[in-house]
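Q: Below you'll find the structure I mean.
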Amino acid sequence: MPYATEETSSVAWFPEGNLCHSKTCGPRTNGIVLEAMKGKLSQPSEWDRSEPFCVMDLGYVYNEYQRWTSLLPDVKPFYAVKCNPDTHIIKVLNAMNSGFDCASRNEMELVMSQGVAPERIIFANPCKKISDLEYAQQSGVRKMTFDNEAELQKIRQRFPDAQLILRCLASDPSATYSLGSKFGASSATSVKLLQCAKSWGLSVVGVSFHIGSNAKDPTAFDKAIQNSREVFDAGLRTGHDMHLLDIGGGFSAHNFDAMASSIRQCIGKYFCGIDVEIVAEPGRYFAAGALTLACGIIGRRDAAANDEDKENRHMLYLNDGVYGTFICNIFEPGPQPKVLRASGDFYPLDSEDEYERYTIWGPTCDGTDCVAESVALPKSLAIDDWLYFPEMGAYSTCLSTGFNGFHSDRETIYMSSDPAADIYL
């Protein structure tokens with residue numbers, strides 16, 4: 001692929017911003033992603049220009065794994081497949097000996113179809129379907145989480161030789177998506193569950209927690225890891241062979257240096273001298289920055305100068321929306337869009353074009369299908385121009401629906417900003 005070469009790192013039309021927030025990535029990531037989009041739009045009639053498309057940089061995934069092992073060398077990542085089940089991501093991480101966090105039979109089947117051994121899978125769903133539990137037993141996926149007695153009973157009946165990981169209650173109030181109200185046993189409940197498991201002859205091998213997705217407070221790990229040590233010791237006293245600590249997910253590439261520093265300190269503080277295997281379940285950390293989404297402008301609406309609605313004077317309508325790739329925009333602001341002209345040219349930095357504020361809508365007939373409000377973009381934007389959105393790889397394409405008859409599939413162009421990952425194209 002021409003845009004997956006070293007030469008593209010020197011292109012002169014980089015727009016402002018960098019799609020890669022990893023310290024191990026450079027301008028080449030920016031260049032080849034933009035080259036891929038430009039090349040796509042320059043194709044006259046080989047594809048349906050009415051549909052959005054994506055560009056995935058596998059070099060980003062590769063480099064973020066290197067960054068992880070540099071900052072947290074004693075914590076093995078188990079990629080959260082739910083975040084983005086793209087097989088290319090799975091292939092890269094599998095080749096780097098990553099583990100995988102799966103929540104269902106389908107996810108386990110997917111990663112094992114890519115050559116992942118069952119020993120490198122954690123069935124990290126505290127409340128599992130019986131059929132999925134039976135599939136795990138048949139496939140040899142022994143490590144799994146639980147947080148209640150009913151789940152223990154289910155496992156006792158169908159997979160008594162499983163290696164159990166007790167999910168403890170933890171929370172970061174600053175996280176975008178909290179999980180504490182749905183999963184996690186309190187300290188008192190954890191002790192009772194350890195005793196129950198022992199009396200039933202079940203083997204608890206470790207403790208896990210999840211402070212929430214897209215966590216922002218590095219200090220939230222201190223209390224969670226301290227509590228994990230207390231439950232870990234309770235398991236040892238009960239007679240379990242405790243040897244695993246799972247610190248969950250929620251990591252963002254943006255603040256990972258601070259997060260990693262806090263985690264290293266907490267592990268040294270609470271698990272110093274303990275023979276323990278430490279794992280984590282990062283998802284968006286690997287996937288978010290790997291994907292850029294390009295959307296076409298299919299409509300523009302401008303109110304009359306005397307219109308009383310000052311807030312919605314200028315509107316753009318895209319061929320993707322919150323029922324598609326932008327579903328997370330319902331819960332948090334999405335990335336700032338950048339401009340790609342219908343000709344395939346990027347909007348120049350030195351443009352003297354006037355800007356105005358737009359409301360950006362998705363293509364459906366639902367009034368809540370709003371991608372963004374009050375976004376400053378060039379006044380000259382027109383139908384058939386394109387906007388592109390960086391960092392769209394997490395919880396986006398995998399959640400896309402076919403509501404209103406719009407396609408849920410997104411064509412994806414694969415490339416690599418690092419030659420070491422070119423073999424996965």
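Just so you know, glycine gets a Cβ as well, placed from its N, Cα and C.
Swiss-Prot lists these features:
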type     : residues                                               : note
MOD_RES  : Lys82                                                  : N6-(pyridoxal phosphate)lysine
BINDING  : Ser213, Gly250, Glu281, Pro282, Gly283, Arg284, Tyr395 : pyridoxal 5'-phosphate binding site
BINDING  : Phe331, Glu332, Asp366                                 : substrate binding site
ACT_SITE : Cys365                                                 : active site, proton donor
Q: Quick one, of the binding-site residues Gly250, Pro282, Gly283, which Cβ has the fewest other Cβ within 10 Å?
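A: Per-residue Cβ counts within 10 Å for the binding-site residues Gly250, Pro282, Gly283 bottom out at Gly283.
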Q: Just give me the nearest neighbour of Gly250 (pyridoxal 5'-phosphate binding site) among the recorded positions Lys82, Phe331, Glu332, Cys365, Asp366, Cα to Cα.
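A: Given the candidates Lys82, Phe331, Glu332, Cys365, Asp366, the nearest one is Lys82.
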Q: If I take the alpha carbons of Lys82 (N6-(pyridoxal phosphate)lysine) and Arg284 (pyridoxal 5'-phosphate binding site), what is the distance between them in whole Å?
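A: Distance between the two Cα atoms comes out at 10 Å.
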Q: Using only the residues recorded as binding substrate (Phe331, Glu332, Asp366), report the maximum Cα-Cα distance in Å, whole number please.
A: 19
Q: If you draw a 10 Å sphere on the Cβ of Glu281 (pyridoxal 5'-phosphate binding site), how many other Cβ atoms land inside?
A: 25
Q: So of Phe331, Tyr395, which of the binding-site residues has the fewest other Cβ atoms within 10 Å around its own Cβ?
A: Phe331
Q: Relative to the Cβ position of Arg284 (pyridoxal 5'-phosphate binding site), how many further Cβ atoms are located within 10 Å?
A: 23
Q: How many whole Å apart are the CA atoms of Cys365 (active site, proton donor) and Glu332 (substrate binding site)?
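A: One finds 22 Å between the Cα atoms of these residues.
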Q: Look at the binding-site residues Glu332, Asp366 and tell me which residue has the greatest number of other C-beta atoms within 10 angstroms of its C-beta.
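A: Counting Cβ neighbours within 10 Å, the top one is Asp366.
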Q: Roughly how many Å separate the Cα of Gly283 (pyridoxal 5'-phosphate binding site) from that of Glu332 (substrate binding site), to the nearest whole number?
A: 17
